[in-house]
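Structure record follows, encoded as structure tokens.
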Amino acid sequence: MRPPAMLRRAAAALALALGLLAAAPASAFYLPGVAPNDFHKKDPLLVKVNKLTSTKTQLPYSYYSLPFCKPDTIVDSAENLGEVLRGDRIENSPYVFEMREPKMCQIVCRASIDDKQAKELKEKIGDEYRVNMILDNLPLVVPIAWQDRDAVVYQGGYHVGVKGQYAVKYHKDETTELSRIVGFEVKPFSINHQFEGQWNDKNTRLITCDPHASKLVTNSDTPQEVEAGKEIIFTYDVGFEESDVKWASRWDTYLLMTDDQIHWFSIVNSLMIVLFLSGMVAMIMLRTLYRDISRYNQLETEEEAQEETGWKLVHGDVFRPPVNSDLLCVCVGTGVQFFGMLLVTMIFAVLGFLSPSNRGGLMTAMLLTWVLMGLFAGYASSRFYKMFKGSEWKSITLKTAFLFPGIAFGIFFILNALIWGEKSSGAVPFTTMFALVLLWFGISVPLVFVGSYLGFKQPAIEAPVKTNKIPRQVPEQAWYMNPAFTILIGGILPFGAVFIELFFILTSIWLHQFYYIFGFLFLVFIILIITCAEITIVLCYFQLCSEDYNWWWRSYLTSGSSAIYLFLYAGFYFFTKLQITKLVSGILYFGYMLLASFAFCVLTGTIGFCACFWFTRLIYSSVKID
């Protein structure tokens, strides 16, 4: 007995997540897009269909949710965890090509649509849904002439409601006569086909397209209208073009950018500005600190010591545990988990293991890395917890293991319920949800406990100065040292470091375009780390000079406030770049962007906090304190 499709998907996703071979029929494991397939002439080429997508609704649907022609038996392809979470639904199709064998006016099927099907089809056409297909792991694209340039760019999939005139590009080996597929293009048309006599399944000769009479379709003078009760005849053509493009370079044309000059100039300009500002900040800080430390160490008389001002005065309170220290430890531990996940994922991406040819690979890698980084999350949170004189390490471990993942899973579950209500294929099946929970409880939580146990067994981090029993009163601060003001100001520079790259990331996610320049993204990530660290150190230094020693939470929120600007920019992007009109689609967008902003706050806040913690320990261990 064959298991249900959703159960098979979940089993395959969980098997891949645990590092096992998901696709049992395969003779050997290989990374998609790495191992080429060689074809002899007339070898069958199986075309697979993927989800229907729309930038207007952001709700994917299965290809067979519309009255398209179906094969005798629909077979789901094995999908990894990332593909399932992205809403990919890869299935076989009735389209079968033969290598280097052109076909014209091939009838797929004849269908009569009812009122419900006609309504659904019209809605999908109105929402500009696109049909996505795959041939030899290459997505179907529509070539579009590049305005003002003698070049062609490619758009993924073709709009629902048109006929496909396919073109398969291949690279031929002259010595072996074997060929490799290097392109899969389509020129879409909408044709109202007509025929004479009785319908004889696929052997009927069409009036509107007859290869025997040399009458081929080249335009859409007679488009097919979608009306209930009307018949639709689905046909396709396929041609083969020899190409000089080699198999190893076949993705280059897919990844061609239409705005490359603006993209590269903006990124380089942004990086240079941030590097310059960071260098200036570092130079100022080093010179100022050197002067302060030299002056404090030269105070010899008691009168001079009594008249000292600035950050040395608060040495007895600067390492006093903050309010809600448990929550701060949890936030820092979660931030360390995020940092490790992004660092490892980016390294793999830069090395080419997470290219667009490996569908779902990026999301799968991020999830698995997040789970494994639970070890470091538990270690970091327990180390700080013990420094704050905490004794219940199991309590802090549970909070670290469940606080952020619980919030994220709750938001994800609610959004998934909304997608499920729209009957979209983007809804994660219950079995896949179970696989995610199993990864969380079965791997992540135990690793957090192991890391926390190891961290708590280590000696407590000792402060370089003693803490007074009675807290010192913080003097009245100037308006520009108000916590809310400095926190909001501190988040501007980290956001500026990722501003340009953020635009292209959002475009990739919400406008369904490829994102692949991980080298620049990794460089931006490094600049983000430097910027968060230095802006937090500078503002912390000013705060301590004003004799305000409550720096723990403020150092976390200073760089973490960049998430506020990220969310505001997400709103600006929504109203200026997207054409979303559905309420559910808008809720999905802002729900996921809220979750992304929350994660960005945890990440940047942790970077700023750790930098400030290192800075305060450094300066207070460098001065003589009697």
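In case you wondered, yes, glycine gets a Cβ from its N, Cα and C as well.
Taken from TrEMBL as is:
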type	residues	note
SIGNAL	1-28	signal peptide
TRANSMEM	264-286	transmembrane segment
TRANSMEM	327-354	transmembrane segment
TRANSMEM	360-380	transmembrane segment
TRANSMEM	401-421	transmembrane segment
TRANSMEM	433-456	transmembrane segment
TRANSMEM	485-511	transmembrane segment
TRANSMEM	517-544	transmembrane segment
TRANSMEM	556-575	transmembrane segment
TRANSMEM	587-615	transmembrane segment
Under 8 Å, at least three CB pairs between the transmembrane segment (433-456) and the transmembrane segment (485-511) (pairs 6 or more apart)? no
Do the transmembrane segment (517-544) and the transmembrane segment (401-421) share at least 3 Cβ pairs under 8 Å, sequence separation 6 or more? no
Any contact between the transmembrane segment (401-421) and the transmembrane segment (587-615), i.e. 3 or more CB pairs below 8 Å with pairs at least 6 residues apart? yes
Ranking 485-511, 556-575, 587-615 by Cβ pairs under 8 Å to the transmembrane segment (327-354), which is first? 587-615
